[in-house]
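Scroll down for the structure; my scribbles are underneath it.
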Amino acid sequence: MKLSCGTSFAFLIMFLFAAQSMHVYAGSFHKDVQIHWGDGRGKVRDRDGKLLSLSLDKSSGSGFQSNQEFLYGKAEVQMKLVPGNSAGTVTTFYLKSPGTTWDEIDFEFLGNLSGHPYTLHTNVYTKGSGDKEQQFHLWFDPTVNFHTYCITWNPQRIIFTVDGIPIREFKNSESIGVPFPTKQPMRLYASLWEAEHWATRGGLEKTDWSKAPFTAFYRNYNVEGCVWANGKSSCPANSSWFTQQLDSNGQTRMKGVQSKYMVYNYCNDKRRFPRGVPVECS
């Protein structure tokens, strides 16, 4: 079909608008995030903005946030966690909306004594309510090398992956009354902070401040998502993550990780839910 000049121009405008709405950040910590707390404890480490560190001492932790908000997206980063005795520390990478009825999707790494594994804590909040925790002990030492952690959030599901391996899927079950984050745009956040009252063995192990400052590293930050601007998000479904689901191989890999490395699943906690586990668990 031959296009007129006017039709071609209109098509170009539509294409440019779609390209702006579905934005890919091949991540620069200089350009795409701001270190919003920590009083100098968060630092971009290289000229290209590919490596950032967050530190924690007895006075304060630190954190950064994305400049843009997104309504759906795929966010990933490589992290190397605090080595040695990290008891009482929490290192995070998560999505969150503002307000008192916020939505949130969490990767939280709970520190431990030397020689004991980190606990990877995942959770999903909708309208300020969470209580959907799954926890894992990783199959590697996350303090030795960088590993890739990814959150894929689309209208159908949320997928958590570690080094490309799915560890958790939280499906949209609004049809049976389970809230799902579909309406509130979120920013990407990362932080390193102290939570010795609960983070390690329920607060039994306290932070050894003689080991401070504690430092975690982030690199190769990347976000592909639907940018929220001027009260709306136009998001064409032309990117693989927007309709991503786990095929049979992905399901098998996820179940394998869960059977070997999952240490807590709210869906199995009958003591916590004596009247029956949440409906999405069945």
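Using the three backbone atoms N, Cα and C, a Cβ is placed for every residue, glycine included.
Quantities reported herein were computed from a predicted structural model and do not represent experimental measurements.
Xyloglucan binds GLU108, HIS121, THR122, ASN123, ASP131, LYS132, GLU133, HIS197, TRP198, GLY202 as Swiss-Prot records it, and from the list ARG272, ARG275 the residue named for this site is ARG272. The record in Swiss-Prot lists a disulphide bond between CYS235 and one of CYS226, CYS267, namely CYS226. Look at ASN238 (N-linked glycosylation site): DSSP puts it in coil. Residue environment of ASN112 (N-linked glycosylation site) contains 21 other Cβ atoms, counted within 10 Å of its Cβ in all protein chains. Sequence-distant neighbours of ASP106 (site 'Important for catalytic activity') (same chain, 6+ residues apart, CB-CB distance under 8 A): THR92, TYR94, HIS121, THR122, ASN123, VAL124, TYR125. Cβ contacts within 10 Å of ASN238 (N-linked glycosylation site), excluding its own Cβ and spanning all protein chains shown: 9. Within 10 Å of the C-beta of GLU108 (active site, proton donor) we count 19 further C-beta atoms, all protein chains included.
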